Amino acid sequence: MTNYAIILAAGKGTRMTSDLPKVLHKVSGLTMLEHVFRSVKAISPEKSVTVIGHKSEMVRAVLADQSAFVHQTEQLGTGHAVMMAETQLEGLEGHTLVIAGDTPLITGESLKSLIDFHVNHKNVATILTATAPDPFGYGRIVRNKDGEVIKIVEQKDANEYEQQLKEINTGTYVFDNKRLFEALKCITTNNAQGEYYLTDVVAIFRANKEKVGAYILRDFNESLGVNDRVALATAETVMRQRITQKHMVNGVTFQNPETVYIESDVEIAPDVLIEGNVTLKGRTHIGSGTVLTNGTYIVDSEIGQGSIITNSMIESSVLAAGVTVGPYAHLRPGTTLDREVHIGNFVEVKDSHIGEKTKAGHLTYIGNAQVGSSVNVGAGTITVNYDGQNKYETVIGDHAFIGSNSTLIAPLEVGDNALTAAGSTISKTVPADSIVIGRSRQVTKEGYAKRLAHHPSRSK
């Protein structure tokens, strides 16, 4: 059995009120088009054809070489859009799935079941339908007394009886590929919209006594077509519930799943504890036994097992096992933390590698640095890495002790086991096993405070 797919992605999406093409709006971190394309892969199509139109280059860039593309210059209806794909699929034997690119909730399992139903019933066309609580706006499925599908009626063309029908057309179909394009040559624009309706091919098949069937979705949510921001928010809510439920089934604990945002490509190992208001985005991986506390935000990062992240932001970073971060820390892109590193409150790290068991507990900036293992970085330490034009590197050796309020002016190297005195400004190499003091000598002038205007003795 050979399958093909046509994805309709040419529309502008006027009701979205956006410069972005409708199918490129995101749901849980992926564009709607990407969600649809991933689900389509479940039927293993020999060839996928995406129909593009409005801002076509932007849409094409999302799928790149994963799909063939055809251009619909004028948007003259769904039937017209499918006609554009004939140049890619003409004369091929097999079954063609037609699906809209704005249906992000459709699952691969449902599409696979649709194809199987179509093949097993030897249909020339199969419509994916659903039972809608409120069918207004949808095309209605009209059946005869034997339950056979005889036609699909659009909302604007439906009579009073047809408008009461609850079974709706989801806009997804499977056709015999050759018969699809033969039938499309017979449809017209004689309807309320003045467009070529893809649904008109059903009546053509019925007139020829060819078999048309309908496969009913189990979950109405999968039928959602996103036409405005309200529907986009609905899709986001449903997708978020799916994602959190999937992780819970796989052994992840959520204290308040309704407040958590996790994108589609995030991976979470078992026995992770996630508190409320946590955000996980991009290609993030969370290792087993890790705890993410309230307010943590992580994007495109790897967190090792048994780590504890407390109310902190982590971007494009790699953390080994047993790391503790926060509260209120910020790990910026390019950060690597080895095992059992501790990054404490109000510490910022950027584009730096920090060795095992090193600690930076408070109020510190580490940028463009290579820090060894078992280093203590005192509170208030700053790596001065930028001169206004270029960034420079700081290298700190193993077991070094950086005193509080040290200012390390890069490029700089501090050797193994070296110590910088608190309050020092260091601008030259510190050899291994050295102590460096880079501050002015304290001068004490006894009794001088009595000369100051605010001294208590002056108010008498």
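A Cβ is built for glycine as well, from the same backbone N, Cα and C atoms used for every other residue.
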From S404, S457, the one annotated by Swiss-Prot with A379, N385, Y386, A422, R439 for acetyl-CoA: S404
When distances run from the Cα of N227 (Mg(2+) binding site) to each of the binding-site residues K22, N169, R332, the nearest one: K22
Tally of DSSP helical, extended and coil residues in the region 'Linker' (230-250): 20 helix, 0 strand, 1 coil
All-chain count of other Cβ atoms within 10 Å of N169 (UDP-N-acetyl-alpha-D-glucosamine binding site): 25
For the binding-site residues G77, G139, the one whose C-beta sees the most other C-beta atoms within 10 angstroms: G139
Other CB atoms within 10 A, centred on H362 (active site, proton acceptor): 15
Greatest inter-residue Cα distance in Å for the acetyl-CoA-binding set A379, N385, Y386, S404, A422, R439: 22
Most Cβ neighbours inside 10 Å, all chains, among the binding-site residues Y365, Y386: Y365
From recorded positions H362, Y386, A422, R439, the one whose Cα lies nearest A10 (UDP-N-acetyl-alpha-D-glucosamine binding site): Y386
